[in-house]
Amino acid sequence: MAYYSRPASAGAARAQDDQDPYPYYPDPDLIVGSGANTSFVNPYEASGAASSASHTSPFSDAHAASASPASILPLSHQQVSAHAPQQQHMSISVDPRDGQQSRMPGLSESFYSQAAYALASPPPAAGALSPSAHLATLPEHSQAPLSGSVDGEYTYYSQSAAGHYSSLAHRHGQDDEDDDDAETKYSPSSAHDEKYAYDRPDSAAAGTSPFGRAAGIAYLQSPYAQVARNDDDDEDEDAEDPYRVLTRDSAFGGDNGQGYDPNSAYGGAGMAGPTGQFGDNHFDTQHFGPAPARGAQLRRHKTKKNVRLTKGNLILDCPVPTKLQTFLTRRAEDEFTTMRYSAVTCDPDDFASESFTLRPALYGRHTELFIAITMYNEDEVLFCRTFHGVMKNIAHLCSRNKSRTWGKDGWKKVVVAIISDGRKKIHPRVLDCLAALGVYQDGVAKNMVDGKEVRAHLYEYTTQLSIDSNLQFKGAERGLVPMQIIFCLKEKNAKKINSHRWFFNAFCPILQPNVTILLDVGTRPENKSIYYLWKSFDLNSNVAGACGEICAETKGKWGVGPLLLNPLVAAQNFEYKISNILDKTTESVMGYISVLPGAFSAYRYIALQNDEFGHGPLASYFKGENLLGADADVFTSNMYLAEDRILCFELAAKRGHGWVLKYVKSARGVTDVPEGLPEFISQRRRWLNGSFFAAVYALYHTAQFVRSGHNVWRKSLLVFESFYSFVNMCFAWFGLANYYIFFRILTTSLEDPTFKLRGIGVFNVFMQYIYLGTVVSSFIFAMGNRPQGSKWKYWAAVVVFALLTVYMMVAAVLCLSKVVARVEHDAIYAQMVVSLLATYGVYLISSLLACDPLHLITSFLQYLLLAPTYINILNIYAFCNLHDFSWGTKGDTSISADLGAVVSTSKGTVEITLPTAQADIDTAYDDALNNLRTRPMIIRGDASNAEKEARQMDYYKNIRTNVVLAWALSNGVLAAFILNGDAAGTFSDTGGVTRTKVYMVLVLIFVAGMACIRFIGSTLYLTIRLING
C-alpha cells in the first residue's frame, strides 16, 4: 500500500476559486525504496521524508531517490509548502498482479462514466525508473481504496473536493512494439481542465487538472474546441449550447501541442522547450513533446486466426475502439461494445435462405420502422445532414412517453440501414464518419469467403453518437438516444434500384417491419417528420404509401436564405412549392399520387408484398434492374429512371386490394437542389424521361384500377385522374410550340398601328430569328455535347431565352392594357382576362390558404424568366438523350482482391487475417477523427467508362431519333398552322375572330381549367386535414 499526504485545506481552497493553489507535478525522484517495497515521497513535507507502505513494484533497486522533492516543484509549490497545514493521509491500493478490473466501493456509476484515462509515456529503459509514475488524490471525505487494471494499465482515479474527476494511467510490462507508439500523457482520451464547459451531466462538472496547473495553462477536452455558432443548421434544441468541433490543435498529430489551447502560455512547441518551467528537458520532452505524425504511427499488425464459420458464413464480432467506449453512456450490452461484421456472399433474394440474419432479429425485437438511407458518392456533409436528422427524429419518438407504440425504449423498434452503392465509389470521409460512430472498421472486410465472392459487407452496430453537418459530435447530452444501424457496403456499383432490392428483399424479410421509409443522402428530415409519416399509417389502415413535403435547401429559415440569390435555386424552390401545394394535395384526395419521391417517402411493408405467383409491386419495381440491349424496350428502360413512379402505380392498382397513397404536409424533408446548370440539366434529363415513360405505362394500364379492390367512388376518381394526366401530358408534348406561338403573337401584336411603335416590325423579325436560332442551337448542343463539357454554351442559351422572356412580358403588359380597355366590347378579350386572373389567382389564394406564400415573393420572377429553359432546353436535352438511361457501371464482372480472402482449413474452420491488437483498432479510430478534422484531399482514380454493346447503342439511338423527329415535327406543324393567320391583328381594334385569337383563348382557358382543378383538390385536402386534426 502506498501512502501520500496533502494539506487538508487544499480542497477548500480549490472549492472556492476552482483552482488548486497547490499544483503538484510528480517526478520519478519522489519514488524511493528498494525491490518490492517502494514508497512515494510526500512533497509537502519539507524534510523530504516519505510516508510509505508496501507496494508491489516492477522497478529495480537501482534508483533509490536521494534528491530533494522541493527541487522539482514549481515556484508556487516552493512558496506555499512552508505554509502547509497539518497533513491528512489518503490511501490507494494497487496490485499489479491483479488482472481483473475492480471498482472503489461507495462511488456511483457516474464516477466511472465520467472518469477518463490518459496513456502514460513509454516504460523506462532497463535499470531506470519510469518518469511517468503519477500520484492522484482522493476526496478528503473518502478513505475507500481503489485498484484497477486493464491490460497492464493501472489507473489512479481522483476526485477533488469540488467534485471534479480525473484519472492517470501507468503502464507496466507493455510490449516494446506498442510502447514505441504510445500516446503522450495528455491524450485525446483524457479529461482535463477545460477552457469551456460542455454541459456535462449533473453528476460531474468541469474543473481543474488532477495536479492543478500553473497560470496560463489552458486545457482543452481534445479533440474539441469552441467555435462560433452556424445558424444555418437547424439545431433549434441546441441554441443555448456552445458548439464543439474537431480542433486542429489536438493530440491527433497537430503542431501546436498535445491537446492544449494554442493561445495559452503553454500551447505549441513551448511545451518541449529546452528550459521550461519544469526544469528538466528530458522530463518535458517525455511528457509534452510533439507526437509523431499520425501516418508514422500506423502499425496495422494483423494476425492469422482460425475462425469457425456460422452456418457457412463469415460473421465476426469486433470490439469497438477504446476511445469510443469512453464516450458512451451505455456499455452493458454487446450491441454498444462490439461491431458485427457479415461477409454476404449471396444475392439479396437469397439472404434469408443462406442463413444470414441481422442483430435486431437475434435480440428478438419488433421492428416498427425500418429506414433505408441510400447513397453513392456524396460527401460527409450531406451524409451527416441526413444521418443527424434521422437521429433527432428517433429521439422525438422516444420522447413520446404517452404513446402506446413509442416511449423511452422506442429506439429498439427503429432500425436504420445505410446502403452504399459500390465500395470503391463511396466517399472516403463518409467512411471516416461511420468509423467515428463505431459502425465501420477498416481491415475487417474480405473479398472472398471459402471461394465465394463477397457481394456486400454488412456492419451492424448500435451507436450512441451522432455527427451533424458541421461535423460536431452530439450525444446523450443533447437528448439523443441509441440508434440501431446496418451499414451495407455493396462491393460493386449496381444502381440505386439494386440498393432498394437489398433493403426490401434481403433485410425486410428478416425484420418484418410495419413501415419502411426511403431516404436519399442529402435529404434532412425535420425533427418530427418521420413521426408524422408513421402516424399517417397508424391512423388509416388503407394507406400503403405516403410522402412529405420536399423543400429546397435555401440555407435560411422559413424557406428564405442566401441560396435564393441563385436564380436556378429560386426557380426550383418555386417549382417545389407549387407542386406540394397544388399537385400533391390534389392527387392525395383522389388516392393515387403519381410519384412518392424516393428522397423522402414511406411504404407499408405488407402492401409491397408479391402474391403467391410472384407478381406484385416489388416484382414490377425490380423488373428493370438488369435490362440490357434491344431485349429491353426503350420505354421500360427509361421508365426505370423514375422507378418510384412504377411502385406507386402498382400499389394503387394492386389486384384485389384498396390501397391508397397520401401526402403528409406536416412531414418536411429539406434537400439540396442543383446549384449549377450542368447538374440541373442532367438531373432533369432523368426526371423528364422517366416521368414521361412512366406516365405512358400508367395510362396504358389504367384498366388495372378497375380490377383493384377500391369502391366505385374511388375507382371513378382514379379513372378521372388518369384522364387528367393524359390531357396534361398532351399539353406538355406541345409545350415547345405553344411557347413560341405565344412569343410570336404577343410581340407581333405590337406592330398594330394603334401601339404607335415605329420600326417594331424589323425588331420583331430579328428577335424571332434569335429565338429560333437558340432553339436550333439547343438541339445541336443536346445531340453532341454533355452539359458538363459545354457549360457556357448552355448558359448563353439560358440568358438569351431569359432576355426574350423579358421582351415577351413587356409586350404582354402592353397587350393586356388594351384588352382590359375593350373587355366590355369583345367577349374573347373578356375570356382572356378571366383566364389569366384564374391562373395566377389560384397560385396566390392556394399559397395563402396553405400559409406558405413567401415563395411568390422570393422566387416567382426567377421562375418566369427560366420558364423557357424548362420548356425548351430541358425538354430538348431529355428527348435527344433517350438512349442514355444508365445510372452506373453495367457489366462490371471483375472480382477485387484488395481486401484479401478467407481460406478453409482441414479442421473445419477458415483462416482469416485481422487486426487483433486493441492499439491498432484505436489507431484506426484516431485516423478517422483526424481525417474528419483535416479533410485531406481525395485522390480518385480515372473513371472507367462502361463498355456498351454496339447493338444496344444502335437500338436506343434509333428510338431516340424517331421520338425527337416526331416531337419536333408535330410542334413545327402546330406552330406553322397557327401562325399562318394574322398574328399582328390579334389585339387589333378592328375586332373580328382570327385563328391566333381563338388559339390564345383556348390555351388560356385550358391552363385556367387545370389550375382550378388543382385548386379544388388543394382546398379539399386542407379541409380534410383540418377535420381530421
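Every residue gets a Cβ built from N, Cα and C, even glycine.
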Inset, instruction - Write down the single range among 46-105, 226-285 that appears in Swiss-Prot as region 'Disordered'. - result: 46-105
Legend entry - Integer Cα-Cα distance in angstrom, ASN401 (N-linked glycosylation site) to ASN527 (N-linked glycosylation site): 17
Inset, instruction - For ASN527 (N-linked glycosylation site), just give me the three-state DSSP call. - result: coil
Legend entry - Position of peak Cβ density within 10 Å, selected from the glycosylation sites ASN401, ASN514, ASN527, ASN689: ASN689
Legend entry - Long-range neighbours of the transmembrane segment (723-743), counting only residues six or more past its ends (CB under 8 A): 594, 692, 695-696, 698-699, 768, 771-772, 775, 804, 808, 867-868, 871-872, 875-876, 967-968, 970-972, 974-975, 978-979, 996, 999-1000, 1003, 1006, 1010, 1013
Inset, instruction - Give me the stretch from 760-780, 963-983, 998-1018 with the greatest number of Cβ pairs under 8 Å to the transmembrane segment (796-816). - result: 760-780
Legend entry - Structural state of ASN401 (N-linked glycosylation site), classified by DSSP into three states: coil
Legend entry - Collapsed DSSP category at ASN689 (N-linked glycosylation site): helix
